[in-house]
Amino acid sequence: MENTAIPAASPRVTVPVVALSLYAVASGYLMSLIPLMLGEYNISADYASWLASVFYGGLLFGAMFFERIVRSVGHRKAFVGSLAAFSLTIIVLPIIPNGMVWLFARFIAGIAVAGIFVIVESWLMSGDESSRAKRLSLYMLSLYGGSALGQFGIGILGVSGGVPFVAITTLILMAMLVLLFIDCEQPNSHESTALSFKQISKLSHAAIIGCVVSGLTLGAIYGLMPVELANRKISHQDIGTLMALVILGGMLVQPMVTTLNKYMARTVLMAFFCILGIFSIGLTFISSSAVVLAVALFLLGMATFALYPIAINLGCEGLDERFIVSATQVMLFSYSVGSVAGPVVADKFMGQMHGLLGYLFAALLATCIYMLIAATKSKHQMAAGL
């Protein structure tokens, strides 16, 4: 695989970031809204974990082919099309309140969101490699900041009636208008080249594992954390606030990730954030205080939301720019595999004493051990090469 970077001007990032932020607010509200409003539409609560998993199944499916769409029509048109498809999957939910229809709609939504992620990540990863970490941090800040704001919709607009769906659809339409009517430079998608299976096998295994674990944890958090908090007899308004704290932690950690990337090996950095997550969950094991829970969820957000940007940066390290779209697709595919499995596996823990937090503790502990071993092996390989 060639490692020589192609000189290129960094594409303008304002327009895709603004559109992404509007999408993130809408999506953040929707992700927490769906499991809380199943009862209103006479859909069994058992669908909660499956609705989360089928969404990530769509994400997984979309990650397998969306690179070709981006190459064919360009980043901007593909982004608008993805948002349009996503908005249709929202509109159908209150119109046809049927569990199977909702599962299908969430699967299509997952495909659309796969497109959004591949498009924005490759858009921002194009250009000068030295500033990729900063651009990726901006991407994560927009995504997680918007998601955190979206959580407040639960307390402000509620979880019943048609108002939430109108608000969410309006935000998606605003994102489409930004892309349609504001000029911006976009990467030359026709120069993108797909990675071969041999090249994919040579990508950092730690990066791929990091993306998988990010999916395992975030898929479960988005899909089941509102249910976990409701099981603890927490009010809907407070659930929105606590979910916002999780995502706020994920947003505020991004500048820290950018800074630490300069001084620490990325495998060690992922191990560090896994330890932070283990510590945060441990706090809830020794105290049932509401304040401790809030602090723990904030720290948990920092830990789990830090893994993906570190992993994708590691995966794209040293890559020729024409492989960036394909590499981000591989990383998103890995994330999606974890996201599909996460809610289903985590659901097995929901009836146990520590519930979802017990699942997250086990996942982060195993990942921490793997990353420390990977870092040690990498150090030995570097020493052997000297």
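Yeah, the Cβs are placed from backbone N, Cα and C, and that goes for glycine too.
Some features that TrEMBL has for this protein:
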- 12-379: domain 'Major facilitator superfamily (MFS) profile' (DOMAIN)
- 12-35: transmembrane segment (TRANSMEM)
- 47-66: transmembrane segment (TRANSMEM)
- 78-96: transmembrane segment (TRANSMEM)
- 102-124: transmembrane segment (TRANSMEM)
- 136-157: transmembrane segment (TRANSMEM)
- 163-182: transmembrane segment (TRANSMEM)
- 203-227: transmembrane segment (TRANSMEM)
- 239-260: transmembrane segment (TRANSMEM)
- 267-286: transmembrane segment (TRANSMEM)
- 292-311: transmembrane segment (TRANSMEM)
- 323-344: transmembrane segment (TRANSMEM)
- 356-375: transmembrane segment (TRANSMEM)
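As a quick check, the transmembrane segment (323-344) and the transmembrane segment (267-286) miss the bar of 3 or more Cβ pairs under 8 A, pairs 6 or more apart, so the two do not touch. For the transmembrane segment (78-96), the neighbouring stretch richest in Cβ pairs under 8 Å, chosen from 12-35, 47-66, 102-124, 239-260, 267-286, is 102-124. Per-residue confidence over the domain 'Major facilitator superfamily (MFS) profile' (12-379) averages out at a pLDDT of 86. Counted as Cβ pairs under 8 Å, contacts with the transmembrane segment (102-124) are highest for 12-35 among 12-35, 136-157, 163-182, 203-227, 267-286. Here the transmembrane segment (292-311) does not lie next to the transmembrane segment (163-182) in space: the count of CB pairs under 8 Å, restricted to residues six or more apart, is fewer than 3.
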